[in-house]
C-alpha cells in the first residue's frame, strides 16, 4: 500500500512536532526531523553533484545514513515557509520526494543512483495552507489541529508542563505548587495563545524563581547532593540508551545473516552467526543490568530530593504573588465596552494565534444642507448630498475588508430605506451623513470577508439609533443582496466569544455542520443562532425590546 503524507496544520504550540514524535514511538520506528522553513536551495533536498567543492548528499540520504533504517518517520517542519531562490524551487523538489508514485526511485544528485523512499513515513507540519503550492498540497492528507480551550490548557499544564518544569528546575513534587487561581490567571491573562508553548515558558519561569528561593533556604550542601544524584542518573540513562541501540543493530545483523543462510540453504551453521547470537544475548543481559542501574539512579534522585525538601511548601497564588514571578499581565480583557452604544458591534475574528473578538465602531459626520455639488474632498468625503453620503475606513484594514465595508455601506443604505417609515430621519440618514468606520486596535493589520454582517449591523444600528442586543457577537460574509455566506475558524471564534463573556453568537447557516462537530464543553452556556440572510441577523441583533 502507498504511504500517505500526513500534514498537520494549526497555530504554533499545539503539539504538531510532538505528535510526529509520538507516531514514531507508537510505530517503533526511528524518528528524523528537519525544517524547511526559509529553505531556498534545491540541493538541500536533492543533494549536490559531486563535481562541486563541499558537495553533500541531500537531507533524505543523510536521514537514512543517520537512522540506519529504510523506514524511518521523517518530520518535515514548517513546510508552509519554503523559500525560493536562484538555485531553484524547493517546493517542486519536494514533489518527487513526497509523491508515493515517484519516491520509490528518488534520485539523489550526490549518489547518482535511485534510492527507495517508499517505506518512509512522511509527516509535515504547517501553520497555514495558503502558502503551500497547490500540486504539493494535492499529495498531502491534511489534519487540522485547532487551539486549546482553557480547560484543556489547564489539564495539559497540570499533567505534563508543571511536572516537567519542576524536574528541570530541580524541585521535588511536594516542595512547590501553583494554586488553581494562579493557573487560571496565567491562562486567561498571560497566555491566551492557541497553543501551550507560552504557558510552558511562564511555568518554567515561575519554578526557576521558586528553585532559587528554595536553594537559598536549603544551602549549598543540599543543592550539591541533588546535583550529583542527577549527574549519576543522566550517566546511567545514557549508558542504557547506548546498549539499547547496540542490541538493535546486533538483532538486525543477526536477522540479515539468517536470511542469507536460508537463501543459500547452507548445511553447516556459520560460526560467525553463532558469535553474533551470543553477542546479542550478552547485550540483552548487559542492557537489563544497565536499565536496573538507571532505575536505581532515578530512585536515588527522588531520595535526594525528599531528604533535602523543605517543610513548608511554596504555593504561588494569584495576584501580587503571580506579578512578582512573571510581571504584569499583558492581557486584561478583550472587552472595551460593558454595553455597546448604537453604532458599535462585537465581531469575531480568526488569527494564526487562535480566535479573538473585535469591535466595529461606526459614527456619523453630519453634512449641512448647503454643501455644494463639488465637495471638498476631505477625510469624511465631501460629495454633495445629491450624490449620497460617503464612507471612510480606518484601523489598518486589508483590501478584502475594505471591499466588505463598501458592500456593507451599499447594502445598509438599501436595507434602512426599506425598513424605515416614510419621512423618518433614519430613511434619509445615509444621504445626510458621511460615515466613519473604525476597527480597533489600529496597530494590528486586519483582513478577511467575515466582518461583513458586523459592519452592516454597525451602520444600521447607527442609522436607527438602537443598540445591539447585549453580549451578542456575530460573524459572516454578506453579499450585495443580503445573503450571509459561511466563514472559517468556527471553533477559534467560539472560544474567543466565551472568553469575552459573549452569551449569544450569530453564525451563517452554512457553518451549522462545523458548529455541530464542536465538543459540548466548548458550546456550553452559549445561545447560537444560524442565519441565512441579513433579515435574520437584524431580527436577532436589533429587533429586540430593551
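Quick reminder: no glycine exception, Cβ is built from N, Cα and C everywhere.
What TrEMBL says about a protein is an automatic prediction, not a curated fact.
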Annotated region 'Disordered' segment (source TrEMBL; candidates 343-369, 370-396, 397-423, 424-450): 370-396
Range among 195-223, 224-252, 253-281, 282-310 that TrEMBL annotates as region 'Disordered': 253-281
Rounded Cα separation (Å) that holds between residue 450 (active site) and residue 493 (active site): 11
Site of maximum Cβ density within 10 Å, from active-site residues 450, 493: 493
Per-residue pLDDT averaged over the domain 'Lon proteolytic' (339-544), given as an integer: 82
